[in-house]
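Right, one structure below, let's go through it.
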Amino acid sequence: EAVTAQRCREGQDHSDNLVGKETDPLSDKLSDQNARCKQLEEQIRRSDEVTCNLQHKIAAYEREIGMLREELLKEIGHLEERKEEAVKAAASCSQEHVQSLQDQFTSEPGVQHTLTHTHTPEDTISEMSEANKDLLEKYRKEVALRRKYHEQLVELKGNIRVLCRVKPVLKEDQHEEGLAVVVTTDLNNESALNVVSKGKGRTFELDKVFHPQATQEEVFQEIEPLVTSCIDGYHVCIFAYGQTGSGKTYTMEGSVENPGINQRALKHLFNEIEDRKDMWSYTVSVSSVEIYNEVLRDLLSKDGEKLDIKMNPDGSGHLHVPGLRVIEVKSFQHIKKVTRRNRITFGTQMNQHSSRSHALLTITVLGVDLASGSKTCGKLNLVDLAGSERVWKSGAEGERLKEAQNINRSLLALGDVIQALRGRQTYIPFRNSKLTYLLQDSLGKGNKTAMVVQVSALERNVGETLCSLKFAQRVCKVELGPAARKIESTLKTSRARTLSDSNVSALRLDVQ
């Protein structure tokens, strides 16, 4: 029994030794895990502190923007009051002056005789013009100041900027009926135009209205700052909208002798890149597609390969077009050769060379700051939409009828997107057409967008003109929020760039 007991004790000791050897590594792992948990908890605590600080800064920026909006609205209200006072004062002054002259002319015969010889009607008109010149000048200054504050308010809200261009009456139109001009612009107010329909006039207020004699250069000067902001790392979209034959393609593409927005924007882009070559290094790439009958076609491939739009597999949430040809370009001349395209056009009763597809030219600009190493990614989308038209008026049949129906359906989808954005709805129907799906990155929050609405001044097109201008007014009221710069900073400069950037959207991205 003693021997048996001894053996049992020895066996127990052996088992304890084995268990001890097995539990030692587990204890070490447990200690490591506890230390790791403490480190993670410390990191989470620090992240919470950073998040809290950023949220405070966001709230401060939002309060500041709110105050600025209120101040701008008050200033605009004051300017409106001053404008009305100036107009009333001018009218009152003119009436008093005319009444004074009438009193003089109807006084004694001798005085009337003297005035008749010394005060001609031309003199009276000249005196009235001089008296009102100062008031008119003040009024114009008030209008300019009002527009400046309005543009600042639009920039804060991130509104889509809407420009309107009135097509001049061409020689080829003069032999047809319905040539009465029913659209007029105001020389003293470059934000308004008047349309007469069925004997009634209606005034439309937009961001900028170009008169029929406006040049291609004048139009481009209005959107030039948007092109520059693309180089600074913003996503920009400029598109032309309007009925077929209203001049959209001329405004966007122009002619060899008188190029439009596309060529001028590209030339300006490369000039800016040349000016910054000592501080920044840029890589420019280009792609070009058209949407015809809801089919996406690559205009830079030889056979016009058909493509599809999908979400990028990298998880960024951005759109991706598999198989799309993207070409890196080195100069303005190079990009001119690359972007020659064979776009689909056919004749209708409304336009002998009607564009039957939506064309989209995309320029991507990647920049690297040579001093800090920070990177920017800007994108410029130049869109020439197919012309809207009423089927019964265009005389479309067969294949042309199918084209017109697809064009109108996609433009209707664009209207639905604009309406949803204006109403700040949670669901925006971008996927209802290839056009809106492709423009999702441009019409979404944090981007800079401008629309050039083209209208005809002729009575025969007044129905289409009113539809275009009503749509333009809805677009004016869409708020995309402050533009977000796409910038990737280095480790040393990222926090400084993030905290010093007044862009609230960028701060929100950092918090996320």
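Even glycines carry a Cβ here, placed using N, Cα and C.
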Which residue range, 1-32, 289-320, is the one TrEMBL calls region 'Disordered'? 1-32
For G242 (ATP binding site), what residues in its own chain, 6 or more apart in sequence, show a Cβ-Cβ distance under 8 Å? K248, G387, S388, V453, Q454, V455, E464, S468
Count the Cβ atoms, other than its own, that fall within 10 Å of the Cβ of T244 (ATP binding site), considering every protein chain shown. 25
